[in-house]
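Undergrad: Below are the structure tokens for one structure; questions will follow.
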Amino acid sequence: MTRAGILGIGSYVGEHVVTNKDFEKRIDTSDEWIRTRTGIEERRFAPDNVDTSDMAYEASVKALKAAGVSAEEIDLILVATVTPDMPFPTVSTLVQQRLGAKKAAAMDISAACAGFIYGLATGQQFIENGGYKHVLVIGVEKLSKITDMTDRNTAVLFGDGAGAAVMGAVSEDRGILAYELGADGEGAMHINQKGEYIQMNGREVFKFAVRQMGESALSVLEKAGLSKEDVDFLIPHQANIRIMEASRERLELPVEKMSTTVKKYGNTSSASIPMAMVDELKDGKIKDGDLLVLVGFGAGLVWGSLALRWGR
């Protein structure tokens with residue numbers, strides 16, 4: 001049986017570093033308040049002339065190089081984003097054109113902060129059923145363009161960035177072991193963008209995330225026939241350190257076994273998990289054969305988790 005996994009991964013980080021001290025000068029907040037409630041110390045914003053598709057392209061080039069796969073070998077491009085350059089054409093088609101991935105089909109996925117996991121689960125189906133050999137999955141957001149920088153409740157939370165993964169067949173003892181996707185439309189309006197900017201009911205989102213992230217992580221392990229004792233590293237959506245810590249505690253993992261890139265990137269929505277993976281790989285925290293649990297939640301309300309044995 002064909003097993004789908006990640007062959008290579010890459011990221012793009014916004015060029016402008018915006019610290020908590022910078023926000024102290026703009027709105028009624030403080031570095032201590034932000035750190036205590038979110039764990040965020042700084043975030044990155046992309047320049048005005050860099051759009052979502054530009055960031056996606058840069059991350060994709062790095063992922064293709066890491067995978068040793070050419071753009072011409074990509075069969076499908078999946079872009080998870082809620083901040084496209086424009087309503088249409090899709091970001092995926094813009095990336096396809098820039099990469100020169102002429103034989104690739106292309107579509108965007110709107111699953112907010114869980115989008116990258118939705119993309120991996122979708123790519124897995126195409127690869128394991130024999131439909132496609134290589135799938136490029138991208139999580140990318142330019143949240144700075146839909147964030148009200150005068151709203152102290154949301155301005156300090158978000159950042160810009162992109163992460164891309166090239167998927168393909170891997171060894172039977174590597175790759176995606178199980179996934180879980182879910183949604184609860186009853187909470188749809190807790191995070192929305194009805195107007196120009198993001199609106200969020202932070203209290204309700206926090207309660208949902210603390211409960212659902214831990215439950216989903218445990219559920220995907222059960223689906224994979226594994227237990228929390230088998231987990232080598234947890235990569236949660238980098239939204240808020242308190243939510244992330246709740247997930248880690250549900251899995252009874254030590255602090256050093258969870259990614260915490262939220263402190264330097266903020267919440268980059270669908271890009272947060274692949275961006276974290278790139279950093280942890282560079283730092284040697286993810287090794288060949290490690291069992292990773294990826295888990296995220298987002299507007300919808302939606303959630304997703306994935307058990308992945310790292311390596312090819």
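Quick reminder: no glycine exception, Cβ is built from N, Cα and C everywhere.
Sharing the feature lines straight out of Swiss-Prot:
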type	residues	note
ACT_SITE	Cys113	active site
ACT_SITE	His237	active site
REGION	238-242	region 'ACP-binding'
ACT_SITE	Asn267	active site
Undergrad: For His237 (active site) and Cys113 (active site), what Cα-Cα distance in Å is obtained after rounding to a whole number?
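TA: His237 (active site) to Cys113 (active site), Cα-Cα distance: 7 Å.
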Undergrad: Using DSSP, tally how many residues of the region 'ACP-binding' (238-242) sit in helix, strand and coil.
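TA: Residue counts for the region 'ACP-binding' (238-242) by secondary structure: 2 helix, 0 strand, 3 coil.
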Undergrad: Just how many other Cβ atoms lie inside 10 Å of the Cβ on His237 (active site)?
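TA: Neighbour count, Cβ to Cβ under the 10 Å cut-off: 32.
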Undergrad: Rounded to the nearest Å, what's the C-alpha distance separating Asn267 (active site) and Cys113 (active site)? Just drop the number here, would you?
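TA: Cα-Cα distance, Asn267 (active site) to Cys113 (active site): 9 Å.
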Undergrad: If you count the C-beta atoms lying within 10 Å of each candidate's C-beta, which of the active-site residues Cys113, Asn267 ends up with the smallest number?
TA: Asn267
Undergrad: Across the region 'ACP-binding' (238-242), what is the average pLDDT of the model, as a whole number?
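TA: Over the region 'ACP-binding' (238-242), the predicted model scores a mean pLDDT of 95.
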